[in-house]
Amino acid sequence: MRLLALVLLLLCAPLRAWTYSLRYGIPESAQVWSILVHLLGDVDNQLLTNLYPLVTGLDDEIDIQENLVALTSNVLRERYDKEDVADLLELYASLYPMGMIQHDISSNAEQDDANSSYFVLNGNRYEKPDDVFYLKSKDLTIQQKVPDVDVIQPYDVVIGTNSEAPILILYGCPTVIDSDFEEFNRNLFMEAMNGEGKFRFIWRSTCSLDGKSVEYPLTHPLEITLQNGSRMSSIPQLKKILYTVPKEILVGADNDDQLHDLEPEELRELDLRVTSLISEFYQYKKDITATLNFTKSIVNNFPLISKQLIKVSSVNKDIITSNEELNSKGFDYNMLGLYINGQNWKITSLTPYNLLTALKTEYQSLLKITNLLQELEPSKCILDSKFLLNKFSQFSLGKLQNLQPIKMDLHTIPGFSESVIYFNDIESDPQYDELVNSVQAFFDKSKFGELPEIKQNWSEIIFVIDFARLEDSEVKEALGGLVRAVNVVSQGYPQRVGLLPFSSDSDKSVVNKIYELKNSTDNLTELKSFLETMLLADGLSANAKHSKHIPVPDVFHLLDELQIDETSIIINGEIYPFRKNAWNYLIAKVIKKDTEFIRKELSNSSPKNKQISVRDLLHYKSANLRHNKYTPNYFADSVYSSVNNTALESVCSERIGYYTKNEEYNLLHTITLVDDFGSIHALKRLRNLLHTSFVGVRIRIIHVGDISDIWYQLRGSLSQKDPIGSINTFIDALKLKKVKSHTYKKSGLNQLGLHKWLPDIPLFELQKGSFIALNGRFIHLDQNEVPETEHFEAIIKREALRTIDSVFALDLLFPGFSQEIINPDLIEMISSILTRLFYQGTHIYNNGIDYTTESSLPRMDLSEFFRPNNLTMFEDGKSASIDLLLILDPLEERTQMILSLVEQFRPLKFVNIQVILMPTLELNIVPIRRIYVDDADIVKSITSEDSRSDPEVDIEMDVPNSFIVDNNYRIKKLLIELHSFSSKTVLSTGNIDGMGGVCLALVDSAGNIIDKTTTMKTFGYGQFHTDKFLKGCYIKSCDSRYTVQSFSTDGHPDFIPSDSLDILSYNPQKIAVKISEEPTHEEEYEEGRNNDTIINIFTILESGPDEEERYMQMILSILSKCPETQKVNFFILDQPFISDTLRKSCEYINSSDEMRGNVIFLNYEWPQWLRPQRFSSRRRDVSRFLFLDVLLPQNISKVLYMSPTEVPLDPFDIFQFQGLKRAPLGLFRMSGDGYWKEGYWEKMLRENNLEFYSTEPAFLVNLERFRELDAGDKYRIHYQRISTDAMSLVNIGQDLVNNLQLEVPIRFLKGSYKKKLVINDECVSEWKKKINKFASSPGDEDVPGESVSSKYQDSDNAAPLHDEL
């Protein structure tokens, strides 16, 4: 019977495997296993081993009909008491149908082998399942000698009972195509798990996403926007939506089918009324889940029930009091949003994928801390870890606010004071005689605003100006700013102003002249006059020639030390690139911050009447060395990893050495140098490190090269009091090549052990050479890079701050902790985890610097402020490791998304949901205009093919920014964002200007171009789109002026270039690209730009079939009159609502030689850094101008924008207009009376002698001139600046271009260009019949007369559209 059972099991096993669903071609077993490895790989390998037979279909008790995710979750809960892992598994499986593909696994399996199974032993490949039973003992013995660390890769799980047995590798994917996988797997498992355990094995899945379409159906929430006057009956599913509204609110609802905005008096207290209603509900139910559902049902359906809300609710005055109490504690509307243990998440980053990853990362990090705390006291639990994190956040918050960007005490740098030319001295100049020399001035009201009336040189602004670049507008503005500042301080303004002049070219005559005038005896009067004249004149070469060649300070060396290579401004020791739009703001910000810091320090430590040096107080923590790599401006620019010192055992103890200078002090800081110490560079690095003067520092070295006599001698020398002499001897011997050394191991260190030690650093980065690690801070070293001792000291000084904060926090958890002997391994690990959580808590994907204009808040300890009052503050009330705090204004559209998002994560038992309601006391605008539908069944109903809504209703699916959705609400493409910078630019959070106007291409592993983009200047932003998952792709330049020097998915100041990119999941992709300028091939670059035979027409459609019909009519009308010598390109912005019918119609046109036209769909998504535009119609309107420079191919020099009309203007006539030389835009003047003739507009236009222009029905653009003026960047920055006001830009596209005429001029088009095109009706009618027939035919029907070269060409590949281009 047992034999029969085994036979049946073997026969049924393949069936069991194939019953699992395939998603993107990935079997469910592979999906579930990859997720489990992702969740448990660093936590519980034994549990993974136990689950392996269940997941891969080897468990005899498995129900072959049961869903594998549900089955595995039940087993986790019932058999292993792993509720947390079970909940996370279900969430990951629902969001990642492809599983969690690990990017840094080197499979060793060829792509051609993806559909076959085999295993590898000793490098030999075995392709028959029965080969498992005939393995030779000799082969197993040879494999057994290979250390496990040389075999096991990240995310590998070793299956087998005998820990001494050799390891085999199984390759395969359990699909129908790979029919042998089940037998391979079963045979290996049986042999590995039997009593003897001849071997162990690892399964490395060959299931691949590479090249598979990303298309997938979605059921994300829908945003249904209804305008005032819309009829409820326009949405057939509205009755289903209303079922989600509480019945008590719908009581008394009238039968008025039409929606109306509320009157101002009805709006005023409505937010308070709704908050009162929610509060009353919670007080009755005492159930936060029910309360959140109740709140969501109101907020999501607000446009439908606003009238009823007025009738059913009244205002609880206690809520106003609660608001006031929150305000007194520092809470305001800028804090609205979602917080994970006090870590704020930007609203644009809130997606199910990001929130799930953030919760999992937070939870597992706290578990790691808990394990470490239990080494000190076994009774400690995960709540103690949360307490520790909160206290660390308290201590670190000040560091984040005051120590970035890095502040320099510049006067400690040799030569600085002698090089700066100061124009005033507050301590001695007569205009400051009325000031007082007492710090009490910081607490008194000042007539100078933030600057106190104190007679000290504590605050200074230094203009660093490149006088070789005065033609640059930024440099000119800097000089003008200096001249104005000098005039202001001469009137008694108490701020020191200085100049640090330099010249970036070989001509130093102007700089020499400036220093000559500095040394004159006229109290700088002549120098001031010289600078004023220079500002007004075109050049001063004549004046500068008379400069005497007197000795001048070595400014070039000084600026090299400060790493300044462009015109900059130094504000109280903080160095910023000078930008004319930002420098005044920066001065105000820094002075306000520093004044508050000094006031706080004086309050804590010093009597107010005491005379002290304010400057010394300001700079007592300042640096005296600036290095963008070792001590970057911002903590976010650094790379941090958690540290797992227990993994160092696998690295091999004989490769590790330690040195401590003084053991009298606790060793809080461990700096590790990982290097090949058989090289001169490595020994020099170590020598410089050993020269550091700090105590309390442990030095660890890890040798990655061959094990030899030199290494043993070096490691032995570390036990000496002063090993530097021995190291110098080794260096001298290596230089003279007199080293005789026996090599014991001719192999380098396997970096996999290092990856386990620093798990947040990608494996490929650890394999790229030497590096430094300091309590989790990671610094890669180039091959010949040798940091000086002062660099090591600067790194230690900077990073020590966070370690000391860790000790302070531990002191609160373990009183007296810092007074006892501290285990350096423990503090290294705990401080590294706390650092990563606090300083980079939102860097969950390790995808580099987040370039954004959106403000974000640091992690804060909000636990002390959250006090449930059952009125506006309530929570689950359970003790959980994660507090998920929602600070909400009930009547705000963001609240819809947050509540719907959080509902998905309520099953997580380790999450405690907290709510703070902060209603607007007086509403004056309609707060919510959209219905938010998150019920999956209703979403499916609305989005189904046979249940479309009225076209006048705007329906959008709320998907992550990286998802591009089609008209069937399926993922159509994935968005990949990039930021391009000059190879000379050091990447930093402070970077704003990138490389704009550069064409870049995304290329797959076979060399095929997937997509092209043109970059913006702001953040160097660009975007690619892919409709396939990709492995091994890369980025290259498609612009002959530039070359891609390097790129990385983890962009930071010292990033290690990636060899390739993998796009294998839904996680957001952000790529940093470094670009170098190549010699300009002007003729090659300009070729084909101007072609008079091609007319380019650009259009952005509104939604609805009527608009599409007008557009098609316009195309056919224009083509019916197209001369035989010309062709017309119709560019259209691709949008989700565009129908398949229109796409097929365009396909026909592109295939017709008769029509001489081409319709090109352009892809461009709203950039994440740009302030979102809520209403889609306004988004489309302003996009006509915001993205012109990056949306259209670079080889297009002239384009006509036309709104869809059945009888269009004559584009052939307008295109002949030659007046766009200085001005890039040609628009028709606005006629009649309107808002532009009153108020702000009337005044602005009159004072600047400007006209007001209309953007309808067409406008002409000289794209070459548009790009020369950086018009696109100017429009985007102007939009970003003024769109903070919800009432600005009422007619958004039209108002934007009219408002910026002084920077982007407009030329008027004569009224005669408004003449209508005379249409060939007969031709249009005939074409329509053919198109309609083709559009209604099956999708695979060929177009009559279609040739290979004329097939429809999508714009994903922005290649030239015609040979003429």
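Note: Cβ is positioned from N, Cα and C throughout, glycine not excepted.
Predicted, not measured: the structure shown is a model, and the values here were computed from it.
In Swiss-Prot, the feature N-linked glycosylation site is assigned, of Asn228, Asn604, to Asn228; the remaining candidates carry no such note in the record. Between the listed ranges 502-533, 1334-1365, Swiss-Prot ties the annotation region 'Disordered' to 1334-1365. Counting other C-beta atoms within 10 Å of each candidate's C-beta, the glycosylation sites Asn293, Asn870, Asn1150 are led by Asn1150. Most buried of the glycosylation sites Asn519, Asn644, judged by other Cβ atoms within 10 Å, is Asn644. Between the CA atoms of Asn1195 (N-linked glycosylation site) and Asn457 (N-linked glycosylation site) there is a gap of 56 Å, rounded to the nearest whole number.
In the three-state DSSP classification, Asn457 (N-linked glycosylation site) falls within coil. Ranking the glycosylation sites Asn519, Asn523, Asn644, Asn870, Asn1150 by Cα distance from Asn457 (N-linked glycosylation site) puts Asn523 first. Asn644 (N-linked glycosylation site) and Asn519 (N-linked glycosylation site) are 59 Å apart (CA-CA, integer value). For the recorded site, Asn293 (N-linked glycosylation site), the DSSP three-state label reads helix. Across the fold, the C-alpha of Asn1150 (N-linked glycosylation site) and the C-alpha of Asn523 (N-linked glycosylation site) stand 75 Å from each other. Within 10 Å of the Cβ of Asn1195 (N-linked glycosylation site) there are 20 other Cβ atoms, across all protein chains. Comparing C-alpha positions, Asn293 (N-linked glycosylation site) sits nearest to Asn870 among the glycosylation sites Asn523, Asn644, Asn870.
With the fewest other Cβ atoms inside 10 Å of its Cβ, the least crowded of the glycosylation sites Asn457, Asn523 in this structure is Asn523.
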